[in-house]
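J.: Below is one structure. I have some questions about it.
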């Protein structure tokens, strides 16, 4: 594949073939699992190279046809010529169409019902048409009924689901529908600027189009007004419907590495047929590539016509990836009611569903999604591995994760991170332990992990010099009555003592108080384990003996006390080691297993203790800081960091602190739990500002803020914004959002906000009723018809009171400010708008049916006085 690739597309009726185009056009076949041929291979997808088409270079647009006998494409060129290619050596001149006037071909669309009919769109020419309907079996079109749009340009084109109506975006200002069933095709048009990317959903209920950063949804059966507009932060590059889902719309945005998905839902509330959507952004790149710079942007996407939620992606105009959407559970909240969106299902049953009947040792985890008819469908990934739903935790189906996240937000989860506060929240023990660990490690406005504290792999940096200190080692003496020839070497340094404290262990002189605290918290086995690690074996026996009196089943503690009190390592170490592996399976308490592993160790081999995952990472790290040499300690820290990244264990932040490894741990936890709330709040509370340049942190925070907005939790959102702003540099950036005049485009905000001196009523009214630059009238309030910026009570002779040295905008109550709907753009004074929507549901403008207040989750009848 030479040069950059501009686009790619699956063939609708050839599920294993796709075409890519750029300088040349190439045909590929996805390699089967048992195919080991080496004809050609792309870097990130196993394919066989089949053919290329060199006659048509630098294609402007390419469309794969619906022919079922052979792969055929239509190619549109910059000079307007359109060619039909079947990747054979034979040349047929009848398969080329050249318009009368030379200009660029802009769009192509095959008819799904009649595979020989092609719709062609060209750029504008004043004496020629821009839309051509070509039946390739009948040769070059000549009848006037096949040409439309004289003196116009075609921006995009598609077919309706009845396959007899052509829908075209024309001249950047309208959408036209041409019904070809009529002898002289009738035309229906609607004025709009969203004319790019026209496409009809698989169920035929929605028509989508876009311009810049706005996506518009239409009803193709009644296209008088849009159903909904979706605003994005970036301009769109491509939009497309997923063919295996009823209403899943995908969008690629310029200079973005994410795929944005909109799950469109219609809820018939009071016969209004309101449209809602659930937005989701996913990164198609493997986690190990997300921060490596290997991939930057997604340039093109092509959905597979049969495989469930499978797509081809073009990254950086060079790399082609075969991608399938990860399994997710959707539960959304509308502003009026809760909308449950369960496990997504395909539109139809695959032709050959896979079945698994392997032995227990060979069986791979599979799952199925039940359809309404009771049958089951198994979905497989392109590589052959099963579409695994069983990997989702069962709690996800039993608990409403959205409700849980929303409830935590209402309880100020993560706003004030302190241990007492987290004890009052409804958190899992895992999250409560994670936050407690982070609070313990966080000091001096930094989350310094044990890796930095111990000076591991820091080179010759200043942190390494601060962490370097003299390490003392001493041989510990076993207690009297316990004969053990193994030398137990303990390592001490200032950094290791600090690490022990960060792990929650007390200093030697405060050990008894620490053990008593654990005993008071009924952590008996952990207290006994720490005593044994400090060679206070008889103290551990006393703890377990006292604890056994308070237990319903004291047998395990009693047996442990007997074993410890009569332990003699030199006499029975071999016997204990032989029995330990089988006995550990019977001991359910991990702390007791660690006790026996420690006592029966061979020389300085502590692997059994360090690999006991039932013991918390902080306890294992404290043990490692006490008994491991420098080299072994560094290796163990590196192993645990990698294990935390692979498993998504937030406890690994104890080791990494605020670093790139810490961000990788958060990303891995996010991938496995979908808990964007915890990930965002950890980053906000404990990561320094320099790390906020990482796109992943920005994405987590933006996603969580979007959740708060969708729930109408404006005050919680504001509190979080204030907290985020407090950790940023104190230098305040200049204002970047202005009110601009519709006529001259200049800022009106300065005139509206900066009024340091009181003015007379007449002067102020005249000045505020028009643009200060072009003097054109400003918008009026929909209810009182006063101009924007005019105080509500000015017409009654009241003047706003101002105080010296106070800007004018601070003396205006919020209820007198101007607000407007983001959908219909109608507005007015906030006080008037609030009063109107307490009694009405539609926009106050008589010709507008927009339900403006439904965009907010707050009920009008419960609003408090905002003046």
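Cβ coordinates come from backbone N, Cα and C, glycine included.
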J.: From 292-320, 321-349, 350-378, 379-407, which range did Swiss-Prot mark with region 'Disordered'?
T.: 350-378
J.: Quick one: which of 784, 850, 852 does Swiss-Prot put in the Zn(2+) 2 site with 829, 832?
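T.: Matched candidate out of 784, 850, 852, per Swiss-Prot for Zn(2+) 2 with 829, 832: 784.
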J.: Output the one of 774, 843, 848 that, of all these binding-site residues, has the highest number of other Cβ atoms within 10 Å of its Cβ.
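T.: The residue with the most neighbouring Cβ atoms within 10 Å is 843.
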J.: So how many of the residues in the repeat 'WD 3' (149-188) end up helix, strand or coil by DSSP?
T.: 0 helix, 23 strand, 17 coil
J.: So which residues does the repeat 'WD 1' (51-86) touch in its own chain, when a touch means Cβ under 8 Å and the partner is 6 or more beyond its ends?
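T.: Distal contacts: 6-7, 9-14, 17, 19, 21-27, 92, 95-99, 101-112, 115, 118, 120, 122-123, 134, 136.
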J.: What else in the chain is close to the repeat 'WD 2' (100-144), if you only count residues 6 or more beyond its ends and a Cβ gap under 8 Å?
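T.: Contacts of the repeat 'WD 2' (100-144) (Cβ under 8 Å, skipping residues fewer than 6 from its ends): 12, 60-68, 74, 76-82, 84, 94, 150-159, 163, 166, 168, 170-171, 178, 180.
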J.: Does DSSP put residue 784 (Zn(2+) 2 binding site) in a helix, in a strand, or in coil?
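T.: Note: residue 784 (Zn(2+) 2 binding site) is coil by DSSP, not helix or strand.
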J.: Are there residues of the same chain, six or more positions away from residue 771 (Zn(2+) 1 binding site), whose CB falls under 8 angstroms from its CB, and which are they?
T.: 741, 743, 744, 746, 748, 777, 778
J.: Could you count the residues of the repeat 'WD 4' (190-228) that DSSP puts in helix, in strand and in coil?
T.: 0 helix, 20 strand, 19 coil
J.: Provide the three-state secondary structure of residue 824 (Zn(2+) 3 binding site) computed with DSSP.
T.: coil
J.: Residue 821 (Zn(2+) 3 binding site): which of the binding-site residues 774, 784, 829, 832, 843 is the nearest Cα neighbour?
T.: 843
